[in-house]
Amino acid sequence: MPVEEFVAGWISGALGLVLGHPFDTVKVRLQTQTMYHGIIDCMVKIYRHESLLGFFKGMSFPIASIAVVNSVLFGVYSNTLLMLTATSHQDRRAQPPSYVHIFMAGCTGGFLQACCLAPFDLIKVRLQNQTEPRAKPGSPPPRYRGPVHCAASIFREEGPRGLFRGAWALMLRDTPTLGIYFITYEGLCRQCTPGGQTPSSATVLVAGGFAGIASWATATPLDVVKSRMQMDGLRRRAYQGMLDCIVSSVRQEGPGVLFRGLTINSARAFPVNAVTFLSYEYLLRFWG
Ligand SMILES: C[N+](C)(C)CCCC[C@H](N)C(=O)O
């Protein structure tokens, strides 16, 4: 089983992640809290109360987890394609796999990465939602002191299954939408590149950026549900399950609630995934 794809997936994922984390914090706050009136208001408030560091809350854990998650995504994707089409990464320009195979490989990678992502993502969301300013003398300490304390507290207060809160919504969110991710990327690369040639850096950037947008746009409704299920249990249990979460959110806040975070998800997705795909392709070319 070729391993370069796993390593390239890890490095490229980490580069994209740092670039996108501030957008992600704003998104999670908009999806789960009511004190902000839109993206700009949220950014200004975070900056005023929590300084620039507020945007990077909860990032240490994703940086560690992206090593596992993005390498599983890209590694499983590429190795599934190898199994389905008997072509390695290097041969795929000359012998392009069908879109059905690309979609199936993307879904497989998406499903397995979601299984690894679930506990990391839960901890990230809980930490991002702590609005206390950083350690000011006299102010009450935040509920979670950091990722390890957060994981231990969830384990203690909500049991081991508590660490997988929202995991079904996460798997449903990621399996089809990562199929869409790779189809969009490959489709755009093929459109803009004469047959058999390697796509240019500009093509990879644009195709990667739009792949991110297409995937996030389709993932947003389940992303809202996922974030809400993850925050449940912290407050009192408000939702009986995923369906209940959808129905009561829509009833209370209107159908628009399912698209909360769409703009910010898309704004984040373009640079993050442009950089992810560019570094991924370069690393593999460099090693290949
Ligand atoms: C499937 N879904 C859209 C949810 C995630 C796509 C992940 C792609 C990339 N790691 C990123 O963070 O943008």
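Quick reminder: no glycine exception, Cβ is built from N, Cα and C everywhere.
TrEMBL: automatically predicted annotations, no manual curation.
Features of the protein shown, as given by TrEMBL:
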REPEAT    1-83  repeat 'Solcar'
TRANSMEM  55-78  transmembrane segment
REPEAT    97-191  repeat 'Solcar'
TRANSMEM  98-120  transmembrane segment
REPEAT    199-286  repeat 'Solcar'
Intrachain residues whose Cβ lies under 8 Å of the transmembrane segment (98-120), provided they are six or more past its termini: 61-62, 64-65, 68-70, 72-78, 80-81, 84-85, 151, 163-164, 166-167, 170-171, 173-183, 186-187
Confidence summary for the repeat 'Solcar' (199-286), mean pLDDT rounded: 91
Summary of DSSP states over the repeat 'Solcar' (199-286), given as helix, strand and coil counts: 73 helix, 0 strand, 15 coil
